[in-house]
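Novice: Have a look at this one before I ask anything.
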(Lines of atoms letter the chains of each structure in order from A and count residues from 1; the text may use other names and numbers.)
(Lines give C-alpha, C1' and ligand atoms only; values in the text may rest on other atoms or scores of the structure.)
Protein backbone atom coordinates (compact mmCIF):
# COMPACT_ATOMS: atom_id res chain seq x y z
CA UNK A 1 0.00 0.00 0.00
CA UNK A 2 1.36 3.43 -0.93
CA UNK A 3 2.03 5.68 2.05
CA UNK A 4 0.79 9.27 2.18
CA UNK A 5 2.93 11.80 4.04
CA UNK A 6 1.25 13.28 7.11
CA UNK A 7 2.10 15.99 9.64
CA UNK A 8 0.99 13.59 12.39
CA UNK A 9 2.97 10.74 13.92
CA UNK A 10 0.20 9.53 16.25
CA UNK A 11 -3.52 10.19 16.35
CA UNK A 12 -5.71 9.41 19.34
CA UNK A 13 -9.08 7.90 18.44
CA UNK A 14 -11.94 8.05 20.94
CA UNK A 15 -14.63 5.45 20.26
CA UNK A 16 -17.08 3.05 21.83
CA UNK A 17 -16.41 -0.17 23.69
CA UNK A 18 -19.60 -1.23 21.89
CA UNK A 19 -19.98 -1.66 18.14
CA UNK A 20 -23.29 0.18 17.75
CA UNK A 21 -26.35 -1.02 15.87
CA UNK A 22 -25.28 -0.13 12.31
CA UNK A 23 -22.73 -1.76 10.04
CA UNK A 24 -21.76 1.75 8.91
CA UNK A 25 -20.02 2.32 12.27
CA UNK A 26 -18.01 -0.87 11.75
CA UNK A 27 -17.16 0.19 8.21
CA UNK A 28 -16.15 3.70 9.29
CA UNK A 29 -13.79 2.35 11.96
CA UNK A 30 -12.11 0.10 9.40
CA UNK A 31 -11.87 2.92 6.85
CA UNK A 32 -10.23 5.15 9.44
CA UNK A 33 -7.80 2.37 10.37
CA UNK A 34 -6.82 1.89 6.74
CA UNK A 35 -6.34 5.64 6.29
CA UNK A 36 -4.04 5.78 9.32
CA UNK A 37 -1.97 2.91 7.94
CA UNK A 38 -1.84 4.49 4.47
CA UNK A 39 -0.66 7.79 5.95
CA UNK A 40 1.94 6.10 8.16
CA UNK A 41 0.22 7.23 11.38
CA UNK A 42 0.30 5.28 14.64
CA UNK A 43 -2.76 4.84 16.87
CA UNK A 44 -3.35 5.93 20.45
CA UNK A 45 -6.65 4.73 21.92
CA UNK A 46 -8.45 3.60 25.07
CA UNK A 47 -6.82 0.18 25.24
CA UNK A 48 -9.86 -2.08 24.90
CA UNK A 49 -10.18 -5.05 22.58
CA UNK A 50 -13.97 -4.90 22.30
CA UNK A 51 -16.39 -2.81 20.23
CA UNK A 52 -15.11 -0.15 17.86
CA UNK A 53 -11.98 0.17 20.01
CA UNK A 54 -11.03 -3.43 19.33
CA UNK A 55 -11.91 -3.17 15.66
CA UNK A 56 -9.79 -0.13 14.84
CA UNK A 57 -6.84 -1.18 17.00
CA UNK A 58 -6.66 -4.64 15.44
CA UNK A 59 -6.88 -3.22 11.91
CA UNK A 60 -4.13 -0.64 12.53
CA UNK A 61 -1.95 -3.29 14.19
CA UNK A 62 -2.53 -5.71 11.30
CA UNK A 63 -1.52 -2.91 8.93
CA UNK A 64 1.90 -2.72 10.56
CA UNK A 65 1.51 0.49 12.55
CA UNK A 66 2.21 0.89 16.27
CA UNK A 67 -0.83 0.74 18.55
CA UNK A 68 -0.73 2.24 22.05
CA UNK A 69 -3.64 1.58 24.39
CA UNK A 70 -4.18 3.45 27.66
CA UNK A 71 -6.54 1.75 30.09
CA UNK A 72 -7.38 2.06 33.81
CA UNK A 73 -6.79 -1.12 35.82
CA UNK A 74 -10.43 -1.31 36.86
CA UNK A 75 -11.65 -1.36 33.25
CA UNK A 76 -9.16 -3.92 31.94
CA UNK A 77 -11.24 -7.02 32.85
CA UNK A 78 -14.27 -5.50 31.10
CA UNK A 79 -12.68 -3.95 28.01
CA UNK A 80 -9.88 -6.42 27.25
CA UNK A 81 -10.92 -9.91 26.17
CA UNK A 82 -8.28 -12.40 25.14
CA UNK A 83 -4.91 -10.95 24.18
CA UNK A 84 -4.30 -7.21 24.28
CA UNK A 85 -3.42 -5.43 21.04
CA UNK A 86 -0.07 -3.70 20.62
CA UNK A 87 1.42 -1.84 23.57
CA UNK A 88 -0.79 -1.25 26.61
CA UNK A 89 -0.16 1.23 29.43
CA UNK A 90 -2.19 0.62 32.59
CA UNK A 91 -3.09 3.63 34.71
CA UNK A 92 -5.03 4.12 37.95
CA UNK A 93 -7.75 6.59 36.98
CA UNK A 94 -9.84 7.82 34.08
CA UNK A 95 -8.19 11.21 34.42
CA UNK A 96 -4.75 9.65 33.99
CA UNK A 97 -6.01 7.80 30.94
CA UNK A 98 -7.11 11.02 29.26
CA UNK A 99 -3.95 12.87 30.26
CA UNK A 100 -1.71 10.16 28.82
CA UNK A 101 -3.73 9.88 25.60
CA UNK A 102 -3.49 13.65 25.26
CA UNK A 103 0.24 13.65 25.87
CA UNK A 104 0.94 10.87 23.37
CA UNK A 105 -1.19 12.11 20.46
CA UNK A 106 -0.67 14.80 17.81
CA UNK A 107 -4.40 15.03 16.99
CA UNK A 108 -7.73 13.61 18.15
CA UNK A 109 -10.60 11.92 16.32
CA UNK A 110 -13.93 10.84 17.80
CA UNK A 111 -15.77 7.96 16.20
CA UNK A 112 -19.32 7.25 17.39
CA UNK A 113 -19.44 6.18 21.02
CA UNK A 114 -21.17 6.69 24.35
CA UNK A 115 -20.68 8.79 27.46
CA UNK A 116 -16.97 7.94 27.74
CA UNK A 117 -16.32 9.02 24.16
CA UNK A 118 -18.29 12.25 24.64
CA UNK A 119 -16.42 13.06 27.85
CA UNK A 120 -13.00 12.45 26.30
CA UNK A 121 -13.93 14.53 23.28
CA UNK A 122 -15.25 17.49 25.27
CA UNK A 123 -12.23 17.51 27.56
CA UNK A 124 -9.71 17.82 24.72
CA UNK A 125 -11.89 20.54 23.17
CA UNK A 126 -11.82 22.41 26.49
CA UNK A 127 -8.05 21.99 26.77
CA UNK A 128 -7.74 23.53 23.31
CA UNK A 129 -10.06 26.39 24.23
CA UNK A 130 -7.84 27.16 27.25
CA UNK A 131 -4.64 27.00 25.21
CA UNK A 132 -3.32 23.90 26.96
CA UNK A 133 -2.77 22.34 23.53
CA UNK A 134 -3.10 23.35 19.88
CA UNK A 135 -3.78 19.88 18.48
CA UNK A 136 -6.62 19.36 15.96
CA UNK A 137 -9.87 17.76 17.12
CA UNK A 138 -12.11 16.00 14.58
CA UNK A 139 -15.50 14.30 14.57
CA UNK A 140 -16.01 11.36 12.24
CA UNK A 141 -19.68 12.12 11.72
CA UNK A 142 -20.83 8.74 10.45
CA UNK A 143 -24.42 8.82 9.15
CA UNK A 144 -24.92 12.14 10.94
CA UNK A 145 -24.20 10.60 14.35
CA UNK A 146 -22.82 13.89 15.66
CA UNK A 147 -25.31 16.21 13.94
CA UNK A 148 -27.25 16.79 17.17
CA UNK A 149 -24.07 17.54 19.12
CA UNK A 150 -22.92 20.05 16.51
CA UNK A 151 -26.37 21.68 16.55
CA UNK A 152 -26.19 21.85 20.35
CA UNK A 153 -22.77 23.53 20.19
CA UNK A 154 -24.05 25.99 17.58
CA UNK A 155 -26.92 26.78 19.97
CA UNK A 156 -24.36 27.51 22.70
CA UNK A 157 -22.62 29.89 20.30
CA UNK A 158 -25.91 31.62 19.47
CA UNK A 159 -26.71 32.00 23.18
CA UNK A 160 -23.30 33.48 23.99
CA UNK A 161 -21.80 30.56 25.93
CA UNK A 162 -19.26 29.45 23.30
CA UNK A 163 -17.34 31.95 21.18
CA UNK A 164 -17.30 31.66 17.41
CA UNK A 165 -13.53 31.22 17.64
CA UNK A 166 -13.89 28.30 20.05
CA UNK A 167 -16.50 26.76 17.75
CA UNK A 168 -13.81 26.44 15.10
CA UNK A 169 -11.76 24.15 17.36
CA UNK A 170 -13.85 21.24 16.07
CA UNK A 171 -13.76 19.98 12.50
CA UNK A 172 -16.07 17.28 11.20
CA UNK A 173 -16.59 15.17 8.10
CA UNK A 174 -18.70 12.13 7.14
CA UNK A 175 -15.74 9.93 6.18
CA UNK A 176 -12.14 9.35 7.18
CA UNK A 177 -10.33 10.70 4.08
CA UNK A 178 -12.17 14.03 4.26
CA UNK A 179 -11.71 14.32 8.02
CA UNK A 180 -7.99 13.60 7.91
CA UNK A 181 -7.55 16.22 5.19
CA UNK A 182 -9.29 18.79 7.40
CA UNK A 183 -7.06 17.85 10.32
CA UNK A 184 -3.97 18.21 8.12
CA UNK A 185 -5.10 21.72 7.13
CA UNK A 186 -6.13 22.80 10.63
CA UNK A 187 -4.66 26.08 11.91
CA UNK A 188 -5.18 26.79 15.64
CA UNK A 189 -7.16 29.91 16.52
CA UNK A 190 -7.78 31.07 20.08
CA UNK A 191 -9.71 33.87 21.74
CA UNK A 192 -7.61 36.85 22.84
CA UNK A 193 -7.87 35.96 26.53
CA UNK A 194 -6.03 32.67 25.94
CA UNK A 195 -2.80 34.45 24.99
CA UNK A 196 -2.89 36.19 28.38
CA UNK A 197 -3.18 32.92 30.32
CA UNK A 198 -0.03 31.38 31.77
CA UNK A 199 0.09 27.68 32.61
CA UNK A 200 2.86 26.41 34.87
CA UNK A 201 4.43 24.42 32.04
CA UNK A 202 2.40 24.04 28.86
CA UNK A 203 5.02 21.81 27.26
CA UNK A 204 4.36 19.26 30.01
CA UNK A 205 0.66 19.97 30.27
CA UNK A 206 -0.24 16.32 29.90
CA UNK A 207 1.35 14.28 32.68
CA UNK A 208 0.49 11.32 34.87
CA UNK A 209 1.65 12.99 38.07
CA UNK A 210 -0.88 14.19 40.61
CA UNK A 211 -3.99 15.79 39.20
CA UNK A 212 -2.32 17.87 36.50
CA UNK A 213 -3.15 17.66 32.81
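Every residue gets a Cβ built from N, Cα and C, even glycine.
Keep in mind the model is a prediction, meaning the values are calculated, not measured.
What Swiss-Prot records for 79, 97, 98, 114, 115, 116, 117, 118, 119, 120, 126 is substrate binding site.
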Novice: Taking the binding-site residues one at a time (115, 117), which has its Cβ surrounded by the most other Cβ atoms within 10 Å?
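Specialist: Of 115, 117, the one with the most crowded Cβ is 117.
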Novice: Tell me the coarse DSSP state (helix, strand, coil) of residue 126 (substrate binding site).
Specialist: helix
Novice: Measure from the Cβ of residue 98 (substrate binding site) and count the other Cβ atoms within 10 Å, all protein chains considered.
Specialist: 23
